[in-house]
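Participant: Just dropping this structure here.
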Amino acid sequence: MPVPRVPRRREPLQDIAGPGRKRVLLASPRGYCAGVDRAVIAVEKALERFGAPVYVRKQIVHNIHVVTELEKQGAIFVEEVDEVPEGAHVVFSAHGVSPAVVNAASDRGLRAIDATCPLVTKVHREAVRFARDDFEILLIGHEGHEEVEGTAGEAPEHVTVVNSPDEADTIEVRDPSKVVWLSQTTLSVDETMETVRRLRARFPQLQDPPSDDICYATQNRQVAIKKVAKDADLVIVVGSANSSNSVRLVEVALEHGAKAAYRVDYADEVEQAWLEGVETVGVTSGASVPEVLVQQVLDDLAAAGYRDVEQVRTAEEDLMFSLPKELRQDAAGKRDDRALGGRSRS
Ligand code: SF4
(Lines of atoms letter the chains of each structure in order from A and count residues from 1; the text may use other names and numbers.)
(Lines give C-alpha, C1' and ligand atoms only; values in the text may rest on other atoms or scores of the structure.)
Protein backbone atom coordinates (compact mmCIF):
# COMPACT_ATOMS: atom_id res chain seq x y z
CA MET A 1 0.00 0.00 0.00
CA PRO A 2 2.72 2.62 0.71
CA VAL A 3 4.15 4.34 -2.33
CA PRO A 4 7.77 3.24 -2.84
CA ARG A 5 10.29 5.89 -1.97
CA VAL A 6 12.13 7.58 -4.83
CA PRO A 7 15.29 9.41 -3.71
CA ARG A 8 15.57 12.70 -5.56
CA ARG A 9 18.90 14.38 -4.83
CA ARG A 10 22.10 12.35 -5.05
CA GLU A 11 24.56 15.12 -4.14
CA PRO A 12 24.67 16.78 -0.70
CA LEU A 13 23.36 20.34 -0.54
CA GLN A 14 26.07 22.92 -1.30
CA ASP A 15 26.67 26.21 0.46
CA ILE A 16 25.67 28.53 -2.41
CA ALA A 17 24.07 31.48 -0.63
CA GLY A 18 27.41 33.22 -0.25
CA PRO A 19 28.48 35.40 2.67
CA GLY A 20 25.83 36.82 4.98
CA ARG A 21 23.77 35.53 7.86
CA LYS A 22 22.32 32.12 7.19
CA ARG A 23 19.91 30.74 9.75
CA VAL A 24 17.07 28.33 10.37
CA LEU A 25 13.90 29.25 12.25
CA LEU A 26 12.55 26.02 13.64
CA ALA A 27 8.84 26.16 14.40
CA SER A 28 7.59 24.70 17.65
CA PRO A 29 5.25 22.95 18.20
CA ARG A 30 5.76 20.72 15.18
CA GLY A 31 5.60 17.00 14.48
CA TYR A 32 3.80 14.27 16.39
CA CYS A 33 0.53 15.09 18.13
CA ALA A 34 -1.05 13.03 20.90
CA GLY A 35 -3.49 11.31 18.53
CA VAL A 36 -0.76 10.19 16.12
CA ASP A 37 1.49 9.01 18.92
CA ARG A 38 -1.35 6.92 20.35
CA ALA A 39 -2.27 5.41 16.97
CA VAL A 40 1.30 4.40 16.12
CA ILE A 41 1.84 2.89 19.57
CA ALA A 42 -1.46 1.04 19.21
CA VAL A 43 -0.14 -0.79 16.14
CA GLU A 44 3.18 -1.53 17.85
CA LYS A 45 1.40 -2.82 20.96
CA ALA A 46 -0.96 -4.93 18.88
CA LEU A 47 2.02 -6.52 17.10
CA GLU A 48 3.70 -7.15 20.45
CA ARG A 49 0.56 -8.60 22.03
CA PHE A 50 -0.94 -10.62 19.19
CA GLY A 51 2.06 -11.19 16.92
CA ALA A 52 2.39 -10.40 13.21
CA PRO A 53 0.58 -9.87 11.06
CA VAL A 54 -1.73 -7.21 12.38
CA TYR A 55 -3.92 -5.62 9.73
CA VAL A 56 -4.48 -1.87 9.59
CA ARG A 57 -7.35 -0.34 7.63
CA LYS A 58 -5.88 2.58 5.63
CA GLN A 59 -2.63 4.27 6.60
CA ILE A 60 -2.58 4.41 10.40
CA VAL A 61 -1.44 8.05 10.07
CA HIS A 62 -0.71 9.94 6.87
CA ASN A 63 3.05 9.56 6.78
CA ILE A 64 4.86 7.30 4.36
CA HIS A 65 7.88 6.78 6.63
CA VAL A 66 5.76 5.71 9.62
CA VAL A 67 3.75 3.31 7.47
CA THR A 68 6.88 1.78 5.92
CA GLU A 69 8.50 1.29 9.34
CA LEU A 70 5.38 -0.44 10.72
CA GLU A 71 5.25 -2.68 7.66
CA LYS A 72 8.77 -3.83 8.49
CA GLN A 73 7.50 -4.84 11.94
CA GLY A 74 4.66 -6.93 10.47
CA ALA A 75 1.73 -4.59 9.94
CA ILE A 76 -0.27 -5.13 6.76
CA PHE A 77 -2.10 -2.08 5.45
CA VAL A 78 -5.35 -2.66 3.57
CA GLU A 79 -7.92 -0.40 2.01
CA GLU A 80 -11.01 -2.17 3.33
CA VAL A 81 -11.88 -4.72 5.98
CA ASP A 82 -12.98 -7.30 3.40
CA GLU A 83 -9.26 -7.77 2.61
CA VAL A 84 -8.61 -8.91 6.19
CA PRO A 85 -8.81 -12.69 6.91
CA GLU A 86 -11.78 -13.62 9.10
CA GLY A 87 -10.97 -13.57 12.80
CA ALA A 88 -7.78 -11.49 12.42
CA HIS A 89 -6.94 -8.33 14.32
CA VAL A 90 -7.54 -5.06 12.49
CA VAL A 91 -6.61 -1.56 13.66
CA PHE A 92 -8.76 1.38 12.59
CA SER A 93 -6.61 4.41 11.74
CA ALA A 94 -6.38 7.72 13.64
CA HIS A 95 -8.70 9.33 11.07
CA GLY A 96 -11.70 7.34 12.25
CA VAL A 97 -14.24 5.08 10.57
CA SER A 98 -17.97 5.20 9.88
CA PRO A 99 -20.37 2.82 11.67
CA ALA A 100 -20.67 0.93 8.35
CA VAL A 101 -16.98 -0.01 8.56
CA VAL A 102 -17.31 -1.07 12.21
CA ASN A 103 -20.27 -3.27 11.27
CA ALA A 104 -18.47 -4.77 8.27
CA ALA A 105 -15.54 -5.70 10.53
CA SER A 106 -17.87 -7.23 13.07
CA ASP A 107 -19.71 -9.22 10.36
CA ARG A 108 -16.36 -10.75 9.34
CA GLY A 109 -15.58 -11.68 12.93
CA LEU A 110 -12.57 -9.34 12.99
CA ARG A 111 -11.05 -8.29 16.27
CA ALA A 112 -11.02 -4.54 15.91
CA ILE A 113 -8.72 -2.12 17.73
CA ASP A 114 -9.98 1.42 17.36
CA ALA A 115 -7.08 3.91 17.12
CA THR A 116 -9.36 6.79 16.08
CA CYS A 117 -8.03 9.99 17.64
CA PRO A 118 -10.31 10.98 20.53
CA LEU A 119 -10.58 14.46 19.00
CA VAL A 120 -12.03 12.91 15.83
CA THR A 121 -14.39 10.79 17.94
CA LYS A 122 -15.57 14.03 19.56
CA VAL A 123 -16.65 15.34 16.14
CA HIS A 124 -18.40 12.02 15.40
CA ARG A 125 -20.40 12.42 18.63
CA GLU A 126 -21.37 15.96 17.66
CA ALA A 127 -22.60 14.70 14.29
CA VAL A 128 -24.70 11.99 15.94
CA ARG A 129 -26.18 14.45 18.42
CA PHE A 130 -27.10 17.11 15.86
CA ALA A 131 -28.54 14.50 13.50
CA ARG A 132 -30.67 13.16 16.35
CA ASP A 133 -32.04 16.68 16.80
CA ASP A 134 -32.76 16.76 13.07
CA PHE A 135 -30.19 19.41 12.18
CA GLU A 136 -28.65 19.62 8.75
CA ILE A 137 -24.90 19.38 9.28
CA LEU A 138 -22.61 21.36 7.00
CA LEU A 139 -19.34 19.48 7.38
CA ILE A 140 -16.45 21.70 6.27
CA GLY A 141 -13.73 19.43 4.97
CA HIS A 142 -12.29 17.68 1.97
CA GLU A 143 -14.60 15.26 0.20
CA GLY A 144 -12.94 11.86 -0.03
CA HIS A 145 -10.62 12.38 2.97
CA GLU A 146 -10.91 9.40 5.32
CA GLU A 147 -11.82 11.54 8.31
CA VAL A 148 -14.63 13.25 6.41
CA GLU A 149 -15.95 9.89 5.19
CA GLY A 150 -15.95 8.58 8.75
CA THR A 151 -17.70 11.60 10.26
CA ALA A 152 -20.25 11.88 7.43
CA GLY A 153 -20.92 8.16 7.79
CA GLU A 154 -22.32 8.75 11.28
CA ALA A 155 -25.33 10.52 9.81
CA PRO A 156 -25.24 10.35 6.01
CA GLU A 157 -28.80 11.64 5.63
CA HIS A 158 -27.98 14.79 7.58
CA VAL A 159 -24.48 15.71 6.36
CA THR A 160 -23.47 17.89 3.42
CA VAL A 161 -19.75 18.34 2.83
CA VAL A 162 -18.57 21.89 2.14
CA ASN A 163 -15.17 21.74 0.46
CA SER A 164 -14.25 25.42 0.23
CA PRO A 165 -15.36 29.01 0.87
CA ASP A 166 -16.64 29.14 -2.72
CA GLU A 167 -18.90 26.17 -2.12
CA ALA A 168 -20.43 28.03 0.82
CA ASP A 169 -21.90 30.45 -1.72
CA THR A 170 -23.85 27.80 -3.59
CA ILE A 171 -24.75 25.10 -1.08
CA GLU A 172 -28.51 24.56 -0.57
CA VAL A 173 -30.10 23.53 2.73
CA ARG A 174 -33.50 22.07 3.59
CA ASP A 175 -34.34 24.39 6.50
CA PRO A 176 -32.08 27.44 7.08
CA SER A 177 -33.32 27.68 10.68
CA LYS A 178 -31.83 24.27 11.55
CA VAL A 179 -28.26 24.15 10.32
CA VAL A 180 -25.00 23.63 12.17
CA TRP A 181 -21.43 23.56 10.91
CA LEU A 182 -18.80 21.04 11.97
CA SER A 183 -15.36 20.53 10.46
CA GLN A 184 -12.51 18.19 9.71
CA THR A 185 -9.86 18.46 12.44
CA THR A 186 -6.90 19.33 10.20
CA LEU A 187 -8.03 22.33 8.15
CA SER A 188 -6.62 25.82 7.81
CA VAL A 189 -8.21 27.84 10.63
CA ASP A 190 -8.37 31.02 8.52
CA GLU A 191 -9.92 29.35 5.48
CA THR A 192 -12.46 27.52 7.62
CA MET A 193 -13.50 30.78 9.30
CA GLU A 194 -13.93 32.33 5.85
CA THR A 195 -16.18 29.42 4.84
CA VAL A 196 -18.21 29.89 8.03
CA ARG A 197 -18.48 33.65 7.42
CA ARG A 198 -19.88 33.03 3.95
CA LEU A 199 -22.25 30.32 5.18
CA ARG A 200 -23.54 32.60 7.92
CA ALA A 201 -24.13 35.41 5.45
CA ARG A 202 -26.58 33.08 3.72
CA PHE A 203 -27.91 31.24 6.78
CA PRO A 204 -27.88 33.67 9.73
CA GLN A 205 -29.18 31.03 12.14
CA LEU A 206 -26.23 28.75 11.47
CA GLN A 207 -25.12 27.18 14.77
CA ASP A 208 -21.48 26.80 15.79
CA PRO A 209 -20.06 23.49 17.04
CA PRO A 210 -20.04 23.18 20.85
CA SER A 211 -16.21 23.47 20.80
CA ASP A 212 -13.43 23.82 18.20
CA ASP A 213 -13.35 20.91 15.77
CA ILE A 214 -9.99 21.93 14.30
CA CYS A 215 -7.73 20.27 16.82
CA TYR A 216 -5.16 21.83 19.12
CA ALA A 217 -2.24 20.29 17.17
CA THR A 218 -3.38 21.67 13.82
CA GLN A 219 -3.98 25.10 15.32
CA ASN A 220 -0.68 25.21 17.23
CA ARG A 221 1.39 24.21 14.18
CA GLN A 222 -0.32 26.90 12.08
CA VAL A 223 0.28 29.61 14.70
CA ALA A 224 3.98 28.65 14.92
CA ILE A 225 4.53 28.62 11.16
CA LYS A 226 2.79 32.00 10.79
CA LYS A 227 5.36 33.50 13.16
CA VAL A 228 8.24 31.84 11.30
CA ALA A 229 6.94 32.59 7.81
CA LYS A 230 7.01 36.35 8.11
CA ASP A 231 10.81 36.25 8.48
CA ALA A 232 11.54 33.35 6.13
CA ASP A 233 12.81 33.42 2.55
CA LEU A 234 11.98 29.75 2.29
CA VAL A 235 9.82 27.39 4.39
CA ILE A 236 10.29 23.65 4.33
CA VAL A 237 7.40 21.56 5.69
CA VAL A 238 8.21 17.92 6.39
CA GLY A 239 5.11 15.79 5.78
CA SER A 240 3.42 13.52 3.27
CA ALA A 241 1.30 14.64 0.33
CA ASN A 242 -1.84 13.00 1.76
CA SER A 243 -1.36 14.66 5.16
CA SER A 244 -3.99 17.39 5.28
CA ASN A 245 -2.40 19.33 8.13
CA SER A 246 1.05 19.22 6.44
CA VAL A 247 -0.30 20.54 3.14
CA ARG A 248 -2.15 23.28 5.04
CA LEU A 249 1.16 24.34 6.65
CA VAL A 250 2.62 25.07 3.20
CA GLU A 251 -0.43 27.17 2.31
CA VAL A 252 -0.39 29.02 5.64
CA ALA A 253 3.36 29.78 5.28
CA LEU A 254 2.80 31.29 1.83
CA GLU A 255 -0.18 33.31 3.03
CA HIS A 256 1.84 34.73 5.94
CA GLY A 257 4.93 36.04 4.25
CA ALA A 258 7.19 33.15 3.25
CA LYS A 259 8.69 33.93 -0.16
CA ALA A 260 8.57 30.23 -1.03
CA ALA A 261 7.34 27.08 0.73
CA TYR A 262 7.66 23.41 -0.13
CA ARG A 263 6.61 20.10 1.41
CA VAL A 264 9.01 17.15 1.48
CA ASP A 265 8.73 13.61 2.80
CA TYR A 266 12.49 13.25 3.17
CA ALA A 267 15.52 15.55 3.42
CA ASP A 268 16.88 14.50 0.04
CA GLU A 269 13.86 16.05 -1.66
CA VAL A 270 15.10 19.52 -0.70
CA GLU A 271 16.41 20.98 -3.95
CA GLN A 272 19.61 22.96 -4.21
CA ALA A 273 17.88 25.63 -6.31
CA TRP A 274 15.46 26.41 -3.46
CA LEU A 275 18.39 27.79 -1.43
CA GLU A 276 19.54 30.30 -4.00
CA GLY A 277 19.83 33.74 -2.31
CA VAL A 278 18.12 32.41 0.82
CA GLU A 279 19.24 33.73 4.21
CA THR A 280 16.47 32.42 6.47
CA VAL A 281 14.90 28.99 6.14
CA GLY A 282 11.81 28.17 8.20
CA VAL A 283 11.34 24.50 9.07
CA THR A 284 8.31 22.70 10.48
CA SER A 285 6.56 19.33 10.23
CA GLY A 286 3.04 17.97 10.18
CA ALA A 287 1.37 16.19 13.08
CA SER A 288 2.19 12.73 11.73
CA VAL A 289 5.92 13.29 11.21
CA PRO A 290 8.62 11.70 13.41
CA GLU A 291 11.29 14.15 14.55
CA VAL A 292 14.08 12.11 12.96
CA LEU A 293 12.89 13.29 9.53
CA VAL A 294 13.13 16.94 10.61
CA GLN A 295 16.59 16.32 12.03
CA GLN A 296 17.73 14.97 8.65
CA VAL A 297 16.57 18.20 6.99
CA LEU A 298 18.43 20.24 9.62
CA ASP A 299 21.59 18.18 9.06
CA ASP A 300 21.44 18.76 5.31
CA LEU A 301 20.81 22.48 5.82
CA ALA A 302 23.77 22.66 8.20
CA ALA A 303 25.95 21.18 5.46
CA ALA A 304 24.77 24.02 3.24
CA GLY A 305 25.82 26.64 5.81
CA TYR A 306 22.56 26.97 7.76
CA ARG A 307 24.04 25.98 11.12
CA ASP A 308 22.44 28.69 13.24
CA VAL A 309 19.12 27.14 14.40
CA GLU A 310 16.69 29.22 16.42
CA GLN A 311 13.54 27.68 17.92
CA VAL A 312 10.40 29.77 17.49
CA ARG A 313 8.06 28.44 20.16
CA THR A 314 4.47 29.65 20.32
CA ALA A 315 2.89 27.00 22.59
CA GLU A 316 3.68 24.14 24.93
CA GLU A 317 1.86 20.85 24.37
CA ASP A 318 1.21 18.29 27.06
CA LEU A 319 -2.04 16.63 25.96
CA MET A 320 -2.00 12.87 26.40
CA PHE A 321 -4.40 10.10 25.46
CA SER A 322 -4.61 6.60 26.90
CA LEU A 323 -4.29 3.55 24.66
CA PRO A 324 -7.35 2.21 22.81
CA LYS A 325 -9.43 0.20 25.26
CA GLU A 326 -8.74 -3.07 23.40
CA LEU A 327 -5.05 -2.73 24.36
CA ARG A 328 -5.40 -1.50 27.90
CA GLN A 329 -5.03 -4.95 29.44
CA ASP A 330 -1.60 -6.45 29.34
CA ALA A 331 -0.92 -10.12 28.68
CA ALA A 332 -1.31 -10.90 32.40
CA GLY A 333 -4.73 -9.29 32.36
CA LYS A 334 -3.60 -6.16 34.20
CA ARG A 335 -4.95 -2.82 33.06
CA ASP A 336 -2.49 -0.53 31.28
CA ASP A 337 -3.93 2.97 31.58
CA ARG A 338 -0.72 4.74 30.74
CA ALA A 339 -1.33 8.07 29.15
CA LEU A 340 0.48 8.80 25.92
CA GLY A 341 1.50 12.20 24.72
CA GLY A 342 2.80 14.04 21.70
CA ARG A 343 6.39 13.11 22.40
CA SER A 344 8.94 13.13 19.61
CA ARG A 345 9.81 9.75 18.23
CA SER A 346 12.36 8.53 15.77
S1 SF4 B 1 -3.95 16.01 14.08
FE2 SF4 B 1 -5.40 16.45 15.73
S3 SF4 B 1 -7.21 15.19 15.28
FE4 SF4 B 1 -5.51 14.40 14.04
S5 SF4 B 1 -4.62 12.77 15.28
FE6 SF4 B 1 -3.51 14.64 15.80
S7 SF4 B 1 -4.57 15.49 17.60
FE8 SF4 B 1 -5.93 13.99 16.64
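Keep in mind that glycine also has a Cβ here, set from the backbone N, Cα and C atoms.
TrEMBL entries are annotated by machine, without manual review.
Just lifted these from TrEMBL, have a look:
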type: ACT_SITE; residues: GLU147; note: active site, proton donor
type: BINDING; residues: CYS33, CYS117, CYS215; note: [4Fe-4S] cluster binding site
type: BINDING; residues: HIS62, HIS95, HIS145, SER243, SER244, ASN245, SER288; note: dimethylallyl diphosphate binding site
type: BINDING; residues: HIS62, HIS95, HIS145, THR185, SER243, SER244, ASN245, SER288; note: (2E)-4-hydroxy-3-methylbut-2-enyl diphosphate binding site
type: BINDING; residues: HIS62, HIS95, HIS145, SER243, SER244, ASN245, SER288; note: isopentenyl diphosphate binding site
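Relative to the rest of the structure, where do these features sit?
Facilitator: Sequence-distant contacts of GLU147 (active site, proton donor), defined by Cβ-Cβ distance under 8 angstroms and a gap of at least six in the same chain, are HIS95, GLY96, VAL120, GLY141, GLN184, THR185, THR186, SER244.
Within 10 Å of the C-beta of CYS215 ([4Fe-4S] cluster binding site) there are 24 other C-beta atoms, taking all protein chains into account. CYS215 ([4Fe-4S] cluster binding site) falls outside any helix or strand according to DSSP and counts as coil.
Taking a C-beta cut-off of under 8 angstroms and a sequence separation of 6 or more, SER243 (dimethylallyl diphosphate binding site) has the following same-chain neighbours: HIS62, ASN63, THR186, GLY286, ALA287, SER288, VAL289.
In three-state terms derived from DSSP, HIS95 (dimethylallyl diphosphate binding site) belongs to neither a helical nor a strand segment and is classed as coil.
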Participant: Can you give me the residues near the recorded isopentenyl diphosphate site, meaning same chain, not HIS62, HIS95, HIS145, SER243, SER244, ASN245, SER288 themselves, Cβ no more than 8 Å from the center of the site's Cβ atoms?
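Facilitator: Same chain, not in HIS62, HIS95, HIS145, SER243, SER244, ASN245, SER288, Cβ within 8 Å: VAL61, GLU147, THR186, SER240, ASN242, SER246, GLY286, ALA287.
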Participant: What does the structure give for the C-alpha distance between ASN245 (dimethylallyl diphosphate binding site) and CYS33 ([4Fe-4S] cluster binding site)? Integer Å is fine.
Facilitator: 11
Participant: List the other residues in this chain whose Cβ sits within 8 Å of the Cβ centroid of the [4Fe-4S] cluster site residues CYS33, CYS117, CYS215, in sequence order.
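Facilitator: Checked against the 8 Å cutoff, the neighbours are ALA34, GLY35, VAL36, ALA94, LEU119, VAL120, THR185, THR186, TYR216, ALA217, THR218, ALA287.
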Participant: Quick one: Cα separation, CYS33 ([4Fe-4S] cluster binding site) versus HIS145 (dimethylallyl diphosphate binding site), in Å?
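Facilitator: Computed Cα spacing between CYS33 ([4Fe-4S] cluster binding site) and HIS145 (dimethylallyl diphosphate binding site) is 19 Å.
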Participant: Between CYS215 ([4Fe-4S] cluster binding site) and HIS145 (dimethylallyl diphosphate binding site), how many Å separate their Cα atoms?
Facilitator: 16
